[in-house]
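Here's what Swiss-Prot has on this protein:
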BINDING   559, 568  [4Fe-4S] cluster binding site
BINDING   654  chlorophyll a B1 binding site
BINDING   662, 670  chlorophyll a B3 binding site
BINDING   671  phylloquinone binding site
TRANSMEM  46-69  transmembrane segment
TRANSMEM  135-158  transmembrane segment
TRANSMEM  175-199  transmembrane segment
TRANSMEM  273-291  transmembrane segment
TRANSMEM  330-353  transmembrane segment
TRANSMEM  369-395  transmembrane segment
TRANSMEM  417-439  transmembrane segment
TRANSMEM  517-535  transmembrane segment
TRANSMEM  575-596  transmembrane segment
TRANSMEM  643-665  transmembrane segment
TRANSMEM  707-727  transmembrane segment
């Protein structure tokens with residue numbers, strides 16, 4: 001007899017209902033819960049799966065390169081990056097009529113195509129790629145790499161190639177290798193690519209496999225390096241009149257500190273970026289030699305942590321016990337990693353537009369808006385995941401004895417103070433911000449806009465002035481030509497930086513006013529409320545006054561039956577579930593703010609944002625409604641245009657989002673009755689009743705239905721805004 005799915009759980013495999021399928025899928029990756037799982041086997045399976053993950057990423061990036069080389073217009077775009085729209089790939093759709101074929105035939109293509117808004121064209125151009133041939137080579141290389149990684153994943157599941165548990169628990173060696181190898185050497189390699197390939201290409205000198213050993217990246221070669229005259233590599237940088245990709249106005253410097261942006265491409269100087277990556281490489285390669293391994297020199301992580309004890313003795317045991325707690329909990333490690341990566345992802349969103357690293361990215365407005373929105377949403381999901389795994393750590397891995405009196409135990413002991421302070425901050429921000437907005441709406445509605453409460457963000461303006469922004473007239477630090485920092489930086493990076501920060505055409509330190517002050521505090525409300533829900537979920541995951549034995553019920557439970565009132569909605573999973581709604585809400589405000597503010601900057605008129613962003617109707621009418629006008633006319637009784645696919649996707653996103661409520665608002669009894677009725681009808685319908693199944697159909701559990709609802713809500717929400725963002729931006733700027 002064939003073994004039933006899931007093989008990893010005998011109990012589930014023998015379940016006579018459809019619960020077998022849904023719970024099987026839900027727990028397929030929860031390796032800890034599988035039959036016969038040992039700690040060593042757990043680590044080995046996760047380690048092997050990392051290779052599969054990387055293989056998928058390489059396959060995906062290979063596909064991007066391949067489709068652009070095959071169906072894109074990269075070589076044409078390179079000739080005129082500002083006026084030719086980059087093509088992602090062709091569209092073949094039997095539904096297209098002649099009007100659609102004409103509307104979607106763009107960018108010099110011979111048939112319908114999708115326009116790229118991911119920034120890959122700008123990235124490839126900046127790093128020195130110029131031909132389709134090079135894109136194909138990159139694609140094939142990544143495809144081979146994906147195959148190698150799949151093989152490596154399989155290999156590390158074979159008994160003789162499975163690392164031992166002690167190898168996974170060797171924190172110092174792993175830290176050294178990740179610091180020196182992953183960050184250090186890869187940054188050094190990237191510096192090498194920029195210096196040897198990208199910078200020469202930006203000056204009109206092609207470097208390929210045929211000449212890379214003979215073309216010197218710098219006229220003096222390695223002589224300045226070995227003689228200690230490193231400043232030679234910064235001398236004679238590209239001039240302000242340099243034409244990117246040509247020798248006109250080019251210099252010979254390879255590692256500079258110019259500051260600001262290349263006037264033509266509006267991106268950071270390539271030579272500045274090479275210098276940055278070299279510095280990162282040096283720092284991280286040094287850091288990767290700091291921790292003690294078999295050689296007996298360097299720091300011991302355990303000793304560092306155990307030395308961190310508060311001096312007076314009245315603040316507990318400090319960091320004692322943390323080494324083993326972190327090292328023995330995969331959920332703790334994953335929580336830390338997700339928190340870091342989520343924060344970095346949000347920083348990427350902020351820096352991609354304010355300090356654009358890729359040539360001509362700053363002039364491709366739809367791509368800038370897409371990259372910002374994409375990275376902020378990804379960051380939100382990742383950071384929610386950090387708290388989810390933090391909560392699972394508290395439920396499954398936390399040992400009160402091993403952490404007695406240390407900082408972790410003290411956080412749990414003080415959870416009421418932590419949660420109530422977050423609650424107070426959220427309430428304060430919410431009522432005051434909403435109060436200001438609503439007051440402004442009322443006086444607008446009653447015809448006295450001069451009675452609005454408009455608060456200038458003076459502290460933020462003062463900080464901007466300290467960094468060199470002169471428009472506010474503070475005359476302080478870098479905005480004062482006679483201050484010590486201004487005088488110290490004159491010969492280095494300061495002239496370029498000051499020109500950048502005071503330009504009206506880029507997004508470096510935007511000029512801010514009362515509308516910014518209000519939306520900043522609205523976003524602060526969202527961030528603090530999301531954090532409140534997540535922190536409360538994690539700190540109450542083991543138990544609370546209401547339910548002291550909560551940890552015995554696991555990470556996600558619906559409630560403890562009808563006999564124990566008030567135990568619904570208090571599992572750590574429920575906190576994650578609720579927090580995701582707040583996270584989406586907050587990032588909605590963040591992306592609305594970014595987009596509306598930038599539409600004004602890109603169109604050369606910031607008055608609409610400044611005047612309408614101080615009251616709620618301004619946001620609804622002058623941002624959302626006004627910018628959806630082109631979108632909802634993508635197709636109408638008079639025909640269609642190239643925004644029609646986004647108009648349709650806008651509707652489809654709403655549909656997915658709305659479907660979520662069907663799962664969120666109804667509980668399992670309703671579905672069970674419906675399923676039984678459908679099964680009854682199925683059994684009595686000719687032809688249909690030839691199809692039989694053994695499992696008795698049962699409704700999803702409450703927790704599963706919430707997950708399905710949350711997924712629909714999230715996907716629909718993001719998809720709806722994606723369509724709005726791309727259509728409203730590309731509709732204005734082409």
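A Cβ is built for glycine as well, from the same backbone N, Cα and C atoms used for every other residue.
The largest share of C-beta pairs under 8 angstroms with the transmembrane segment (273-291) comes from 175-199, of the ranges 46-69, 175-199, 330-353, 575-596, 643-665. Across the structure, the residue listed as 'chlorophyll a B1 binding site' and residue 662 (chlorophyll a B3 binding site) place their CA atoms 13 angstrom apart. Spatially, by CA atoms, the binding-site residues 559, 568, 662 include one closest to the residue listed as 'phylloquinone binding site', and that is 662. Same-chain residues lying 6 or more positions outside the transmembrane segment (175-199) and placing a CB less than 8 Å from one of its CB atoms are 126-128, 207, 212, 217-218, 254-255, 270-271, 273-274, 277-278, 280-285, 287-291, 293, 301.
Cα of residue 568 ([4Fe-4S] cluster binding site) to Cα of residue 670 (chlorophyll a B3 binding site): a distance of 18 Å.
Only sequence-distant pairs (6 or more apart) were considered; of these, fewer than three Cβ pairs between the transmembrane segment (707-727) and the transmembrane segment (417-439) are under 8 A, so the stretches are not in contact.
Comparing residue 670 (chlorophyll a B3 binding site) with residue 559 ([4Fe-4S] cluster binding site), their Cα atoms are 18 Å apart once rounded. Cβ atoms under 8 Å from those of the transmembrane segment (417-439) belong to residues 411, 452-453, 455, 518, 521-522, 524-525, 528-529, 531-532, 535-536, 539, 614-616 of the same chain, restricted to positions at least 6 beyond its ends. Cα-Cα distance from residue 662 (chlorophyll a B3 binding site) to residue 559 ([4Fe-4S] cluster binding site): 21 Å (rounded to the nearest whole number). Long-range neighbours of the transmembrane segment (517-535) within the same chain, counting only residues 6 or more positions beyond its ends whose Cβ lies under 8 Å from a Cβ of the stretch, are 384, 387, 418-419, 422-423, 425-426, 429-430, 432-433, 436-437, 455-457, 460, 575-576, 578-579, 582-583, 585-586, 589-590, 593, 613-614. A simple way to gauge crowding: the CB of residue 671 (phylloquinone binding site) has 17 other CB atoms within 10 angstroms, across all the protein chains here. Here the Cβ of residue 568 ([4Fe-4S] cluster binding site) has 13 other Cβ atoms within 10 Å, regardless of which shown protein chain they belong to.
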